[in-house]
Amino acid sequence: MSEELAQGPKESPPAPSAGPREVWKKGGRLLSVLLAVNVLLLASTLISGGAFNKVAVYDTDVFALLTAMMLLATLWILFYLLRTVRCPCAVPYRDAHAGPIWLRGGLVLFGICTLIMDVFKTGYYSSFFECQSAIKILHPIIQAVFVIIQTYFLWVSAKDCVHIHLDLTWCGLMFTLTTNLAIWMAAVVDESVHQSHSYSSSHSNASHARLASDQHAGNPVGGDSCLCSTAVCQIFQQGYYYLYPFNIEYSLFASTMLYVMWKNVGRFLASTPGHSHTPSPVSLFRETYFAGPVLGLLLFVVGLAVFIIYEVQVSGDGSRTRQALVIYYSFNIVCLGLTTLVSLSGSIIYRFDRRAMDHHKNPTRTLDVALLMGAALGQYAISYYSIVAVVAGTPQDLLAGLNLTHALLMIAQHTFQNMFIIESLHRGPPGAEPHSTHPKEPCQDLTFTNLDALHTLPACAPTPGLVSSSSSDQQEAVAIIPASRSQWRRRCLKDISLFLLLCNVILWIMPAFGARPHFSNTVEVDFYGYSLWAAIVNICLPFGIFYRMHAVSSLLEVYVLS
C-alpha cells in the first residue's frame, strides 16, 4: 500500500471488479458525444434556416425545438438531483479544481440577467398576443425555469464525480450542454440579424435576413401584422436586445461547467473528500502595489466614456462617424498596447520565478487552456481579414492606419496574454520549489487532504497546499521561497492580473453591447462586400466576446493563486 501511495499524484486505479465498467467508459462517452453531435446539428440546421426569409423554417419552429430541449434537460437535472440525494454513494469523490467560486458567481450573475431578459421577452411578445403564436410566449417562461434549475444544479454539483448511472449521466450532461449551445447559437443569430437589420435600415436596404427581428414578430396568424407600436412594447423590445450578451455568456459558462462534470463522471481520485485550503482574496489584495488596480480602473472609466461617445456619434453624419471611429480606435490601441506590454512583463517575471510547473491531471485547467486558445481564433480571423483589406484596399488615410494598428495589436495582445495566463495556470502554488531533495511527491496532487492517512506515507515530500492546524512541525517542513526574494514577484503578478482583468472587462463591454466599428468603418465592407464581411464578423465576433469574459475568470484565478 505504501509503495502505491508513493508513486505520485495519479488517480487511484479502480477495483478489479470494476474492470468491465472501465472498459465501457470510452463507449459511454462515445455514445453521449454522438447524441450531442446529432442534436446539435439538428438545432443548428433549424436555427440557421430560420434566419432567412426565403427558407420555409419559421422562428416558431426554432422556439418549439429549444423549448422541447430545455424541458428534457430540466427533467434530467431533476432526476440527477433526486437520485444523488437518495444515494449517498453516488458521489464518492469531488474535484476541488472544478467549479471555482468566481465561475459559479459569474454564472449566477449572468443567470439573473437572463431571467430579466426572459421577463422583457415575455412582456414584448405578450404586447400583441392576439396575433402571436403561443410558443413565443411560452419559450421565455420555460427558459426562465430552465435557467433557475440549471444554475442551482451547477452551483451544488459542479464538483461531483458521479459513480452511478454512468451512461445515463454522460448522455444527460452532454444533452444539457448541447441545449446550452443551441440557446447560444439562437441568441447569436438573433443578435447578428438584428445588427444586419439595423445596418440595412440605415442604408435603405431591407433585403437582409431576420430572426425575431424587432419589426417582425414572426409570421402573424391570420395575416395581420404584429407591430410594436406602444411605448411599453418598445421598452421591452430594446431591453431584451441589450440583455442578449448576458444570455450568451450564461450559456457558454454553463457549457464549460457541464463539460468538466462530463469529464469527471466515473473518475477516481486519490483521496477521500475533505476540505481544501484556498487563500482569501481580501488578504491577497493587501499585498498588491495598487498600481495595477488603479490603472485598470482608470482605463475602465475612460473606456466607458469612449463607448458612450462612440454610440452617440457613430450614427450621425460622416464627420461625426469618423470622429467617433478615431476616438474608439485610439482608446483601443492604447489599451491593447498596455495590456500587451504588461502580459509580456508577466511572462518575463516568470523567468525569475522558482515555483515548479504543475503537470498534474486537471480537466478544468485543460478546458480553460483549450477555450482560451480556441476562442482567440475568432478575433485572429477578424484581425487578419482587416489587415488584408487595409493593406490592399483604399483609401490609405488616418482611419485606415488606426484600423491596421488596431488589428496588429489585437493579434499581439491575444498572443501574449494567452502565454501569461496559460503559464500562470500551470504554476504551482507559492512555495512550490522546482527542485526537491525528495525524488517523489505523492502528496502534491491530492484533491482533498486526509491528515490521518498522511502520516502513513513514506518519505512524503513537503507540499505547501497541505497545511495542518494541529501540527506546527508539518508547517515548518513546507519548502517556502524566502519572502525577501519572492514578495516583489508575487505583488507584481497580482498587479498584472488585476490590470489585465479590468482591461478585459471593458474590452468585453464594448463589443458585447453593440460597438461595431467593423461596419461603421467601411474599409472592409467596400473590400469584401457586405454579405461576406457580415458573415465573417457575425461568426467570429461572438468567440472574441466569449474570450474576453473567459479571460476575466482565468485572470481572477491567476490573481487568487499568485
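Note: Cβ is positioned from N, Cα and C throughout, glycine not excepted.
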The residue range that TrEMBL labels region 'Disordered', out of 1-20, 421-440, is 1-20
Quickly jot the same-chain residues contacting the transmembrane segment (496-515) by Cβ under 8 Å, restricted to those at least six beyond its ends, or write none. 195, 242, 245, 248-249, 288, 291-293, 295-297, 299-300, 303-304, 307, 310-311, 328, 332, 335-336, 338-339, 342-343, 345-346, 349, 417, 420, 424, 541, 544-545, 548-549, 551-552, 555-556, 558-559, 562
What stretch of 137-156, 242-262, 289-310, 527-547 shows the most Cβ pairs under 8 Å to the transmembrane segment (370-392)? 527-547
Using a Cβ cut-off of under 8 Å, list the residues of the same chain at least 6 residues beyond the transmembrane segment (137-156) that approach it. 63, 66-67, 70-71, 73-74, 77-78, 80-81, 99, 104, 107-108, 111, 114-115, 117-119, 121-122, 125-126, 129, 176, 179, 183, 250, 254, 257-258
